[in-house]
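Participant: Got a structure for you, questions after.
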Amino acid sequence: MALPTARPLLGSCGSPICSRSFLLLLLSLGWIPRLQTQTTKTSQEATLLHAVNGAADFASLPTGLFLGLTCEEVSDLSMEQAKGLAMAVRQKNITLRGHQLRCLARRLPRHLTDEELNALPLDLLLFLNPAMFPGQQACAHFFSLISKANVDVLPRRSLERQRLLMEALKCQGVYGFQVSEADVRALGGLACDLPGKFVARSSEVLLPWLAGCQGPLDQSQEKAVREVLRSGRTQYGPPSKWSVSTLDALQSLVAVLDESIVQSIPKDVKAEWLQHISRDPSRLGSKLTVIHPRFRRDAEQKACPPGKEPYKVDEDLIFYQNWELEACVDGTMLARQMDLVNEIPFTYEQLSIFKHKLDKTYPQGYPESLIQQLGHFFRYVSPEDIHQWNVTSPDTVKTLLKVSKGQKMNAQAIALVACYLRGGGQLDEDMVKALGDIPLSYLCDFSPQDLHSVPSSVMWLVGPQDLDKCSQRHLGLLYQKACSAFQNVSGLEYFEKIKTFLGGASVKDLRALSQHNVSMDIATFKRLQVDSLVGLSVAEVQKLLGPNIVDLKTEEDKSPVRDWLFRQHQKDLDRLGLGLQGGIPNGYLVLDFNVREAFSSRASLLGPGFVLIWIPALLPALRLS
């Protein structure tokens with residue numbers, strides 16, 4: 001029952017008792033809460049509508065309206081209104097979610113003064129295109145604000161975050177992989193994303209900064225941190241000279257230390273530090289579960305009792321206490337008699353101690369002579385252990401793959417094959433069959449150069465989800481293999497097969513594909529390589545998607561559709577009639593210097609991305625509308 005229907009009933013009874021009785025009736029039927037919700041919602045919509053229609057003072061709006069802001073509501077605002085709303089968010093110190101900030105950023109004017117920039121929420125600036133601030137002074141001011149923002153609003157290794165880091169380094173004048181303390185301060189949270197090559201060449205500056213980073217380091221960063229700390233050529237000195245204060249200063253970097261570094265730290269220092277952090281475990285959080293056992297084992301090591309040192313692996317070891325196994329058993333003896341280790345029914349805890357002894361004996365990885373004899377002991381090694389190995393025998397690989405079958409050891413099996421390929425081995429059909437129960441996502445774990453050893457026939461088995469974690473280089477190589485595998489297939493059947501691999505297709509290949517009426521779905525479109533996609537015109541994308549072109553609207557604020565929109569002229573997008581926004585406004589000229597930023601091993605310069613500039617004097621000559 002709607003409220004207008006209720007009013008005459010209330011009005012027809014002059015008695016307060018009658019009114020109260022009617023309200024009780026409504027309450028018992030559950031109508032009052034609905035009426036309240038409807039009234040509140042209508043009131044909020046009216047307030048927001050009033051603001052959109054001319055209420056200049058956004059700061060007077062209730063905080064709840066900001067927190068519930070949707071992209072649809074933002075899209076109805078003018079650029080000036082969006083700017084006022086964003087400034088009110090900063091003024092009221094409201095924390096919006098990432099998608100809300102992105103929507104607001106897209107509706108802001110293309111030209112912002114320093115004063116306007118200063119008045120915007122810091123986290124919102126993360127979603128602005130750095131190309132909006134050309135010139136040293138403008139970019140320096142922009143990135144001085146970015147350095148104070150919470151960069152973790154953007155996912156690690158996301159395209160937006162990578163672009164911000166590239167442009168920040170370029171603005172700072174950093175070329176190559178050397179950064180100064182001033183550079184790191186200017187980068188702020190973005191410095192946590194600097195690749196391992198920067199860590200290796202700027203360890204004095206970066207190590208203290210990385211120690212305070214919230215997110216986990218990537219593989220290249222961890223490797224570089226370990227190498228520079230192991231060398232002793234840092235402000236912390238060699239691990240053998242470290243103190244409790246040194247370990248405190250390392251903070252989260254303690255979690256990346258390997259066995260060889262931990263063993264070099266004085267035992268009394270480790271014991272004291274363990275007591276120190278046990279009083280306040282929150283300082284290291286979840287990292288404590290990784291660090292504590294590693295340090296405790298080494299700190300509490302005792303001497304072997306007289307007469308207890310074994311000279312062979314036998315059943316007597318079953319009755320040793322764990323600390324006696326730690327103190328008395330020799331790793332080289334275990335390696336020589338691995339067949340006996342597998343035969344005797346040792347407990348899981350005892351086998352873990354044996355593994356620790358082997359790891360200490362071979363800190364750089366097990367020799368192949370031991371790997372060949374591992375047998376069932378292979379179940380106790382980790383993928384990280386295997387990455388250190390050098391395996392050249394295909395028989396060894398096949399034997400260990402049989403051991404791992406049905407043991408939930410996919411990661412170890414993949415690491416083993418990758419290790420074998422890295423040593424120059426070839427992936428034959430027997431190995432592919434042995435890996436048959438493992439999702440083909442393992443292709444992404446192989447190094448790009450090792451993919452050449454993968455038979456083309458495997459491409460017939462690959463599904464879209466198998467390539468989700470592949471790098472761009474992986475996708476490019478797998479795409480070429482897929483083209484070879486499907487060369488005798490044509491028409492729509494070819495498209496159905498090749499679309500899984502289109503993330504590695506070049507812009508030339510995509511242009512050719514657009515001529516065949518494939519009607520690509522939006523899910524496949526989103527997996528296309530950004531560098532290839534942005535090279536396509538509006539007309540080419542329209543041909544590529546066919547009737548699915550309408551789905552662009554739902555993805556316009558997400559990569560890669562957003563990146564493609566940034567490179568198109570707004571007038572061309574308007575012709576689609578989909579209401580797509582974010583294109584290049586009339587009066588702007590796109591200069592693409594086509595110089596790639598290089599965080600790869602082959603390049604040392606950071607090149608500029610595309611830049612939008614306005615040149616009034618050239619407009620008549622260039623006939624820009």
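Backbone N, Cα and C define each Cβ position, glycine as well.
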Participant: Regarding the disulphide bond with Cys304, report which of Cys213, Cys328 Swiss-Prot records as its partner.
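Facilitator: That would be Cys328, the partner Swiss-Prot lists for Cys304.
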Participant: So of all those recorded positions, Asn93, Cys304, Cys328, Asn390, Asn488, which one's Cα sits nearest to Ser202 (phosphoserine)?
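Facilitator: Ranked by Cα distance from Ser202 (phosphoserine), first place goes to Asn390.
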Participant: Quick check for you: of the glycosylation sites Asn93, Asn390, Asn488, which have their Cα within 10 Å of the Cα of Cys328 (disulfide bond)?
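Facilitator: Correct set: empty; none qualify.
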Participant: If you count other C-beta atoms within 10 angstroms, which of the recorded positions Ser202, Asn517 is the most crowded?
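Facilitator: Comparing the recorded positions Ser202, Asn517, the most crowded Cβ belongs to Ser202.
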Participant: Return the single residue from the disulfide-bonded residues list (Cys304, Cys328) that has the minimum number of other CB atoms within 10 Å.
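Facilitator: Result for the disulfide-bonded residues Cys304, Cys328: minimum number of other Cβ atoms within 10 Å at Cys304.
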Participant: Report the same-chain neighbours of Asn390 (N-linked glycosylation site): residues 6+ apart in sequence with Cβ closer than 8 Å to its Cβ, ordered by sequence.
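Facilitator: Listed in sequence order: Gly365, Glu368, Cys419, Gly423.
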Participant: Within 10 Å of the Cβ of Asn488 (N-linked glycosylation site), how many other Cβ atoms can you find? Include all protein chains, please.
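Facilitator: Looking across every protein chain shown, the total is 6.
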Participant: What does DSSP assign Cys328 (disulfide bond), in three states?
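Facilitator: Where Cys328 (disulfide bond) sits, the three-state DSSP reduction gives helix.
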Participant: Per DSSP, to which secondary structure element type does Asn390 (N-linked glycosylation site) belong, with helix, strand and coil as the options?
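Facilitator: The three-state answer is coil.
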